[in-house]
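Noted in TrEMBL for the protein shown:
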DOMAIN    12-689  domain 'Myosin motor'
BINDING   105, 106, 107, 108, 109, 110, 111, 112  ATP binding site
REGION    566-588  region 'Actin-binding'
TRANSMEM  698-718  transmembrane segment
DOMAIN    799-974  domain 'TH1'
């Protein structure tokens, strides 16, 4: 870490405890900005890792990077998530004490990615066999499953975790991962039935609709459009550009297979049932009774859940009450029926999620417990302050208050223990103790949670406003509690009458009480539980126990359940040595390189980073073991350079005395030196930087004197051996070449093999540089006798290749011309169009038969086409020239013969009349001629008239027959 201090003006300091002005929030944020600008996303606050989400891929997570941090001292190289992971792992191995890593931050700050990086580091670097490798795969594959069922797109993050997760990774005595266990906290069940605008339900719903095959969706009675499901349209955001639901579906299905799931069908039945339940609609009769208007959805639920449809219909529209030992059935009004439907959907999904976590735990369970150690990972929501804060934010922020309380307590305890171990007097640290806020929320009988439970259980008319009034009556006057009624005039202007404000350690938050009572009750009608208990679906049978229906005891409220689970979590964390990762998102737009100072300041405050820094800097800013400090700075003192042979403590004392450290600037412990001010360390580091040229020169001279002779002798010997080897090889080459030339006319043998191979190679190299460029170029190098056959084969292949390239260059509009001219008009079109674009017949010349205008005597000719005219050639003599401008048209029959007529103008003295021709490739020739002469619109099908001579006209009559015959004046054609 010290090596980076010389660049501190550009990239900041790697540890915030080395900030000169550590009380300045502006200096803290500026240090973050400098490092973020240089893609240095990790910074320490002592042993706490601060991580800024870069929103782009960085080349710092490869296996090589893992090896770089493996087994290296925590502060020896630059801050990294791998450094914290390795330090935690080594502490577990050496101290034999359970560890935990607490990851916190806002949604989108990178908490889930940080936990993935830690798990991947352990999976790659820890010792493993086949069984442990399979366990590592299951640990890693549990992430996509939990993300699919527990994550959702929110306004702040496209993959936001909507639950808290604590995972224990168990290691055996060798340090290999052998098991795991997951605890989940406060799944946001309300998201199942409602989403804010721009947000989505949990990922699994969209993955099922997008990625499930047609047979699966047909079995589940689903279609692919999310807009058709009420529970998926509230946020009006069915698709997200950064998410591929189809690919993620495949990932989740593969992960379920790796984990060892066998109940995918029953699990997907429940997911589909939630969607069908959301599409269940109700109607209201004249007397206020409620009934279900969508029987199709009830039938789907009956099939997928294996329940009695009539019982489910009854349970959704009526509730069962017990009074004085008697049961009564009471109908639900429209609003109550809707609430009962939504409560069932939330209960099914929430309990299924808990069951899913249990199944994952079974696959990760430690088979044999032989003195295992544990590293815990806590990935939990950070402090949340939204535009509208409700019951969920209240629970989340209560959790963060408890974690902050634990954080400060453990940090202080760790500092105090280190001071006592080193024999240095502990100095009292002033800090804000948030116990008063935790008590305000959780204290028995007087805390907000107790008052909320009491109001939910109180008989009579209760509502959210009565709960707020009860808070005002009980907590009025508390320094951290304010309502509109209790506030001063200035505060009232920014507070609603339905809100209360808590002054958290991180700042003020207004909570709207609407929905607090319902969310805390989280009750499911008893008759709905009875229906679920009787389901044929084994997952629902496990989630809805029959004992729950029989037991008349009211279950705990949601807030109390969360408080109790949080207390258990605190006990788990208190029993372990903690490490911390504080995640920060630099902007809300998820753009790389953008640093929003206002947003970052908000997170620095809510994460309690300044408070943590003040606690860490209350004593000494820098501490290092004697050997590390002496090894780095010994060149600065003549007495310690180049080596110190006495006790380490004496060597450090000699060094700091030579450097002029004052007594108030440092303390020497039993094994470490403690430096109070960063400035002292910076001065020492700058002195070392200035000394480096002298140190380098000294080391170079010593090294040169030690090895120069060895290097010289080795180099000379190597050069001599190389020269001798080259001379021997050259002489041998000349001998072989001369001998081969002498035996060049003999059969291939060892004497001439080298020479003949050289001749062949030379020919092929020459040929590769002098290949013909087009099909008309017939030049070809003369091959040696041994390559005549190969040369002919190569020439043939090259010609075919050039023809193929030519055909590929034929433009699409050329290919369309035969279709436009002949399709459905000439019988030979299907065969002729194939030859029109064949590799061998597509050219500028073709053999034809010309028939005389008198007697129709056949004359073999060559028809050659140029860019401006066509000619009929008899061997080397041009018999007739036809200018394209003078060509009046082209006529062909509709039959499968090859006859065509070129019509010439009568007034042209050079022309004797129309040319009557026959060709086996008539489609090709006419198409090519029409295109080159621009006479596509002048191709006539069927007409048989032609000019015999000036002013005279002949007629060609086409008649079907068994063979081709040409007679005057009649033509028989097949």
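Using the three backbone atoms N, Cα and C, a Cβ is placed for every residue, glycine included.
Feature map: TrEMBL annotations on the structure.
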residue	record	Cβ contacts under 8 Å, 6 or more apart
105	ATP binding site	51, 111, 382, 582, 583, 584, 585, 603, 607
106	ATP binding site	156, 382, 383, 384, 583, 584, 585, 603, 606
107	ATP binding site	154, 156, 157, 160, 161, 381, 382, 384
108	ATP binding site	53, 156, 157, 160, 585, 588, 590
109	ATP binding site	51, 53, 382, 583, 584, 585, 603
110	ATP binding site	51, 53, 583, 585
112	ATP binding site	143, 147, 151, 159, 161, 379
Going by DSSP, how much of the region 'Actin-binding' (566-588) is helix, how much is strand and how much is coil, in residues? 9 helix, 8 strand, 6 coil
Taking the center of the Cβ atoms of 105, 106, 107, 108, 109, 110, 111, 112 at the recorded ATP site, which other residues in this chain have a Cβ no more than 8 Å from that point? 53, 157, 160, 382, 583, 585
Cβ atoms near residue 111 (ATP binding site) (within 10 Å, other residues, all chains): 27
